[in-house]
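Single-structure report; data block below.
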Amino acid sequence: MASPTVKLNSGYDMPLVGFGLWKVNNDTCADQIYHAIKEGYRLFDGACDYGNEVEAGQGIARAIKDGLVKREELFIVSKLWNSFHDGDRVEPICRKQLADWGIDYFDLYIVHFPISLKYVDPAVRYPPGWKSEKDELEFGNATIQETWTAMESLVDKKLARSIGISNFSAQLVMDLLRYARIRPATLQIEHHPYLTQTRLVEYAQKEGLTVTAYSSFGPLSFLELSVQNAVDSPPLFEHQLVKSIAEKHGRTPAQVLLRWATQRGIAVIPKSNNPQRLKQNLDVTGWNLEEEEIKAISGLDRGLRFNDPLGYGLYAPIF
């Protein structure tokens, strides 16, 4: 089963359902990607910060070697980390990430956060994480415009087919669109029934940016990180509304949450270690929720953001 695609403003087709690599363990990553390709996944959403790009590349190389897929059938996404926002740092780190994946180009390369941090030499620590070489949170001086101009040059040099942004506010998107020579193809944001970000989603879509949701299952991904508001929030899988809609359609709560997004044209990037759930997560486009059900799920919005630097004890108040 393959995922339907959405046409990006860059002209390329992007699968509506992909496999997210955040928190995928290094020792299982290659196998998980290989099996996901076998199940029909074609989009893989990685990042420098996830620390598993080498293993992800190994899984892809094996799948290509075994004839499961061709490179041009895959849609590989990675992200520019905060420590590399200076204009002259963008291309070198992108090339390093491409080498880690073992590929010549990214289908989509994204600015991970609208935060410039002080440069950390990859030879000193990689991935660098949030702290500088002094083990402190130190901000850099690069503007978004400087970073975006360097991102555009990646497209010119065919290192990235499309470029995008993540964790940007509507105000930052507005500003970026004033000077962008190449418009961002996508906006990736935390999006689930507890955090619908309706105005931001509508604005991005109106401007022709495809929205991708991460953390579609709400607090679930953040429990093991001991993020307090995630620990305090009722799991969406167990919410009576989500469960009753799932039972009515003969689906799982996870499928309902994913379909709530994809039915509104929002791409999703769930992950699962379970082969059955891997298959189920891909099956979230060929059936429909009723309009009233979508509205009811959206009504669960509580403005609850789980992926916030402040929640990890880092003073970067961007939200």
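Note: Cβ is positioned from N, Cα and C throughout, glycine not excepted.
Quick look at what Swiss-Prot lists:
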CARBOHYD  N26  N-linked glycosylation site
ACT_SITE  Y50  active site, proton donor
SITE      K79  site 'Lowers pKa of active site Tyr'
BINDING   H112  substrate binding site
CARBOHYD  N141  N-linked glycosylation site
BINDING   166-167, 215-224, 271-281  NAD(+) binding site
CARBOHYD  N167  N-linked glycosylation site
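Here the features listed in Swiss-Prot are painted onto the structure.
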residue: N26; record: N-linked glycosylation site; contacts (Cβ under 8 Å, 6+ apart): G51, N52, E55
residue: H112; record: substrate binding site; contacts (Cβ under 8 Å, 6+ apart): A47, C48, D49, K79, L80, W81, N82, S166, N167
residue: N141; record: N-linked glycosylation site; contacts (Cβ under 8 Å, 6+ apart): D86, S116
residue: S216; record: NAD(+) binding site; contacts (Cβ under 8 Å, 6+ apart): H191, H192, L257, L258, A261, V268, I269, P270
residue: P219; record: NAD(+) binding site; contacts (Cβ under 8 Å, 6+ apart): Y194, V227, N229, A230, V231, S233, P235, L236, L304, F306
residue: F222; record: NAD(+) binding site; contacts (Cβ under 8 Å, 6+ apart): S215, A230, F306, N307, G311
residue: K271; record: NAD(+) binding site; contacts (Cβ under 8 Å, 6+ apart): F19, G20, L21, W22, K23, V24, Q32
residue: N274; record: NAD(+) binding site; contacts (Cβ under 8 Å, 6+ apart): none
residue: R277; record: NAD(+) binding site; contacts (Cβ under 8 Å, 6+ apart): T252, A254
Task: Coarse DSSP state, helix versus strand versus coil, of N167 (N-linked glycosylation site) - done: coil
- [ ] Between the Cα atoms of Q280 (NAD(+) binding site) and Y50 (active site, proton donor), find the distance and write it as a whole number of Å.
- [x] 24
- [ ] Translate the DSSP assignment of K79 (site 'Lowers pKa of active site Tyr') into the three-state scheme.
- [x] strand
- [ ] Mind giving me a neighbour count for N167 (N-linked glycosylation site)? Other Cβ atoms within 10 Å of its Cβ, every protein chain shown.
- [x] 21
TODO: Using all protein chains shown, find which of the binding-site residues S166, Q280 scores highest when you count other CB atoms within 10 A of its CB.
DONE: S166
TODO: Count the Cβ atoms, other than its own, that fall within 10 Å of the Cβ of K79 (site 'Lowers pKa of active site Tyr'), considering every protein chain shown.
DONE: 23
Task: Nonlocal residues around Y50 (active site, proton donor), in sequence order (Cβ under 8 Å, 6 or more apart) - done: L21, W22, K23, V24, P127
